[in-house]
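The feature transmembrane segment is assigned by TrEMBL to B:20-39, B:51-66, B:73-93, B:99-120, B:132-154, B:166-194, B:215-235, B:264-292, B:304-322, B:342-362, B:369-387, B:399-426. The feature domain 'STAS' is assigned by TrEMBL to B:452-572.
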Protein chains: 2
Amino acid sequence: MLRRYFPILSWGRVYTRQTLANDMLAAAIVTVMLIPQSLAYAMLAGLPPEAGIYASILPIILYAALGTSRALAVGPVAVVSLLTASAVGQVAAQGTAGYVAAALTLALLSGLMLLAMGLLRLGFLANFLSHPVIAGFISASGLLIAAGQLQHLLGVSAGGQTLPQIVMALIAQLGQINPATLVIGVAATGFLFWVRKGMRPALRRLGLSDSAAGIAQKAGPVAAVIVTTLAVWGLGLQDRGVSIVGAVPQSLPPLTLPALSPDLLGALLVPALLISVIGFVESVSVAQTLAAKRRERIDPDQELIALGAANLGAAFTGGLPVTGGFSRSVVNFDAGAETPAAGAFTAMGLAVAAVALTPLIYFLPTATLAATIIVAVLSLVDLSILGRTWRYSRADFAAVAATIALTLGVGVEAGVASGVLISLLLHLYKTSRPHVAEVGLVPGTQHFRNINRHEVLTDPAIVTLRVDESLFFVNARYLEDLIQRRVTEGSAIRHVVLMFSAVNAVDFSALESLEAVNERLRDMGVSLHLSEVKGPVMDRLRATHFLRDLTGQVFLSQFDAWQALHQTPRNLALRALP
Amino acid sequence: MLRRYFPILSWGRVYTRQTLANDMLAAAIVTVMLIPQSLAYAMLAGLPPEAGIYASILPIILYAALGTSRALAVGPVAVVSLLTASAVGQVAAQGTAGYVAAALTLALLSGLMLLAMGLLRLGFLANFLSHPVIAGFISASGLLIAAGQLQHLLGVSAGGQTLPQIVMALIAQLGQINPATLVIGVAATGFLFWVRKGMRPALRRLGLSDSAAGIAQKAGPVAAVIVTTLAVWGLGLQDRGVSIVGAVPQSLPPLTLPALSPDLLGALLVPALLISVIGFVESVSVAQTLAAKRRERIDPDQELIALGAANLGAAFTGGLPVTGGFSRSVVNFDAGAETPAAGAFTAMGLAVAAVALTPLIYFLPTATLAATIIVAVLSLVDLSILGRTWRYSRADFAAVAATIALTLGVGVEAGVASGVLISLLLHLYKTSRPHVAEVGLVPGTQHFRNINRHEVLTDPAIVTLRVDESLFFVNARYLEDLIQRRVTEGSAIRHVVLMFSAVNAVDFSALESLEAVNERLRDMGVSLHLSEVKGPVMDRLRATHFLRDLTGQVFLSQFDAWQALHQTPRNLALRALP
């Protein structure tokens, strides 16, 4: 029991010196990568840069103790930071103490929700987000984030929550572009794109080993930070209008208290739920992919608990909402992290950075951080989901198109909400029409097949319907209508047989529908029979009046039903394919 | 096409003199029954009594022209009148012109919604109301209505929207009971209960034929109206505090215009949707039951159009929201109505009553109308639904219990909304855990059965999972988790076969889940195979990369898969039942 909730008790007992070495190497690489990323995502969330580093210290340690993935690295991630900016921006002005406190409140609420969902084993709620909705949301968020960072690249100040607003604000500011900022921003963006795509092959052509080239690539963003910081410092660019990070407190994560006014809690409730669910879905899919590579497995409900604890940690140490990040987890895994201890070592590295290195980033231009964000998020944008869903299923396409359009045009919350709503409604619509096939006997066998697809024997007095789905309130009425329509079509019909081979459950509404069908058929002089009813369904039906009132019989097999009901051979008709 | 939208074109062409005679007799019986009922349901809705009669004239004619049921009688019904009182009471004070106008607006909105749902063929939306939620709501409404009418029986004035409020208000008024009203009310209630239960057997014991006794029974409520009206008039009881109906305008239905302010429309939107859906569900189930008795069928989408037109008619002729009523339709059917023309004759009868008979009800005590309502609605109350759902399914019980408790304790809208929400959530929870069975080969056959229920052959290198439901976003992740858990359990596993015999559809999310499973299994050195994939599902999969990337094969039958994959007989194990 204790081990289930504290996986550290399992892997901690078999921790060897070799594991330690591997974990420490991975931690060193991840730490170098996380410093610029953490600063950038804090900026994206509208928070002071140190919040990003603080959010990667205690949360990582808590996840290491509670999480079931051995490679997942938690901290601020792009989409969650965007959601944070959107939610907190509605209750406080950026740059105020209220804004920082509200971000902590959001992390607190999200942490409590994740924890509660984990303890109540409500992880299934995340299933309501369909893959196309998530993919559409992440692509649209990537575009929104990239567009929103352009202002830092151009050295202007433009607001806007939606893509049209952002674009209009940028166009209005084109005259105020700061040339020095633009040079830094464009150079940094170009360099970082090259780091991502061209650096590794180039280094290998220069003779470096693949792993050395890989490590150099991970250090690329740090190189951009160092070079642009030195350039600003050396050339005094801050005096020519280049915006810089400035003074960052030199300390370990502080103890902070989230704001707790009822109004604030009320306003942040829905965004916190959204952040929790989206963060959880992202995190779990990364963790599952990495776990499979080593034939390990993760426990989604325990992941909820671990992510909840990580967010609570962020709330009380000056952070912001966090989750398991894709890029940092993959780097951690590739660098050879074997246990969550690697995360704990990363946390120590970042703690050292927070105490010792913050003075060095005084002259870091925000344009470099914006470039880091843009390059990172554009890799998330994949609009091919529109074409793929269009070809595969129009219902999925409708959900993804609505999600993208509303996320870009109205806002992140409207985008996700509409996507979830549309996919649920379309799903309920589809399930309200259960698959039902009229079947006949394949000559010379005991098998029954769809009369529209096979040459089968039918009897005008018998209608046999194979119900291919479980029956419940959403689809019961459709079956009622179908039977009534079918029976009024053929005046010779004396028996209706429902073949229940694929019916796993019959809820109370469907039971009452069956009772109504039985009565109505009786009024028409037609008997209702069942065949091939599964054990659990039969047990349920036995506890009701239905079987007693049934005008016909329950047959073990459909062939039994055929033999018992089909007594006049002259009625037999071989039905050719239409 | 025209005939689909105007069923009158079908039955009108074969109308004979005999049909006319039958329809007119049925109309006479229904008219006598409808006069007190219409007055009573208008009072229940908080409207002047004539509104109930007006609502039974043009709406009946419009339904006769457009409806597909030959026996359904539309007009004000108890539950819809209660919903009307609840909705309109929130936007206007009873007794004002604004209240009357708002009731017309509600009928207009409801009419437009029903019409739109019919033209867009959205009748499936009614499926979201599960049977237990409807049953619970109707029982709770019946209790609420009966409690609310007690004030008229006691001659006091007590308000309240919820059962506790009504009961407290009545208790506070116990000192003000009017003795004359109480005598009339109790006598009328007792008489009407006797009419319903004991009158018919008593008349038959006196020698009347069954049909004559039946007709006398239907006239029973009119007798109560006549006797109590004469009593008030003869004894001058109106001067002793007995509340009477008073002056009712003597006219045909007037042309009225619903109020159309945006605020009012906004406030009535949700109640109108509720009234539309509940009214439609009630009406369709009555119509279906009656149609089946004559081997006819109704078209639910056309019913939406006909009920929509009926409500528009009510909105412009001084009525209130209407739907197909249970008791009046059954009476119409039993009295021998053969076509919707019977409804049109009923409308004429009521028009005559509106013009000629209204002065005669000046002295009709409201206590008599309250008694009519109480006796009618108490027959709708059936709390046995609680016990029946408890025994059958706890999920259905939860939905019905919440519906009843919230309808009585908070209000009608909260009751229905919570019932719908709970049943949908529980349904989604259940469907998020698809039925998946691990199967093995039944020795000596080609059949595969659940390893937990049958003695079957298994191979430690092969895991075969039979997926018993269609795969879509709500349940795809569960399958992912299940496969990963199963595969990490057995290190000898080399093949996973998914048996798709019961999978009717795979949505885009499930496709991506299968792709993820395929990749993760590849990382573990395990191949993924499919077997018994249905034609439509295979067509969909062929249009994607999935089959090309699949590490294993697609087998036509599960036995083919077994023969191809199971190559080392020494691995064979006969798995005994646990």
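Glycine is no exception: its Cβ is also placed from the backbone N, Cα and C atoms.
Computed from a predicted structure; not experimentally measured.
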In DSSP terms, the domain 'STAS' (B:452-572) comprises 56 helix, 23 strand, 42 coil
Rank B:20-39, B:51-66, B:73-93 by Cβ pairs under 8 Å to the transmembrane segment (B:399-426) and hand me the top one. B:73-93
Sequence-remote contacts (6 or more beyond its ends) of the transmembrane segment (B:215-235), Cβ cut-off under 8 Å? 29, 32-33, 35-37, 184, 187-188, 191-192, 195-196, 199-200, 203, 208, 242, 244, 331, 360-361, 363-365, 367-368, 371-372
Give, as a single whole number between 0 and 100, the mean pLDDT over the domain 'STAS' (B:452-572). 88
Under an 8 Å Cβ to Cβ limit, what residues of the same chain, 6 or more beyond the ends of the transmembrane segment (B:99-120), are close to it? 45-48, 51, 84, 87-89, 91-93, 256-260, 264-265, 268-269, 271-273, 275-276, 279-280, 301-316, 318-322
Region pair the transmembrane segment (B:304-322) / the transmembrane segment (B:51-66), three or more CB pairs under 8 Å: yes
Ranked first among B:132-154, B:264-292, B:342-362, B:369-387 for CB pairs under 8 angstroms with the transmembrane segment (B:20-39): B:342-362
Using a Cβ cut-off under 8 Å, which residues of the same chain at least 6 positions beyond either end of the transmembrane segment (B:342-362) come close to it? 22-24, 26-28, 30-31, 34-35, 38-39, 49-50, 53-54, 56-58, 60-61, 63-64, 71-74, 225, 229, 244-253, 332
Same-chain residues at least 6 beyond the ends of the transmembrane segment (B:132-154) with a Cβ under 8 Å from one of its Cβ atoms are 44, 78-79, 82, 160, 162-163, 166-167, 169-170, 173, 177-178, 181-182, 185-186, 189, 243, 278, 281-282, 366-367, 369-371, 373-374, 377-383, 385-386, 389, 396-397, 399-401, 403-404, 407-408, 412, 415-416, 419-420, 423
Result, the transmembrane segment (B:166-194) in contact with the transmembrane segment (B:369-387) (3+ CB pairs under 8 Å): yes
Which listed stretch (B:51-66, B:73-93, B:166-194) has the most C-beta pairs under 8 A with the transmembrane segment (B:264-292)? B:73-93
Under 8 Å between C-beta atoms and at least six residues away from its ends: which parts of the chain pack against the transmembrane segment (B:166-194)? 144, 147-148, 150-160, 220-221, 223-224, 228, 231-232, 237, 240-243, 365, 367-368, 370-372, 374-375
Cβ under 8 Å, sequence separation of at least 6 from the ends of the transmembrane segment (B:73-93): give me the contacting residues as numbers and ranges. 30, 34, 37-38, 41-42, 44-46, 52, 55-56, 59-60, 63, 67, 99, 101-103, 106, 137-138, 141-142, 144-145, 161, 264, 267-268, 271-272, 274-275, 278-279, 282-283, 307, 310, 319-326, 328-329, 331-332, 343, 346, 373, 376-377, 380, 411-413
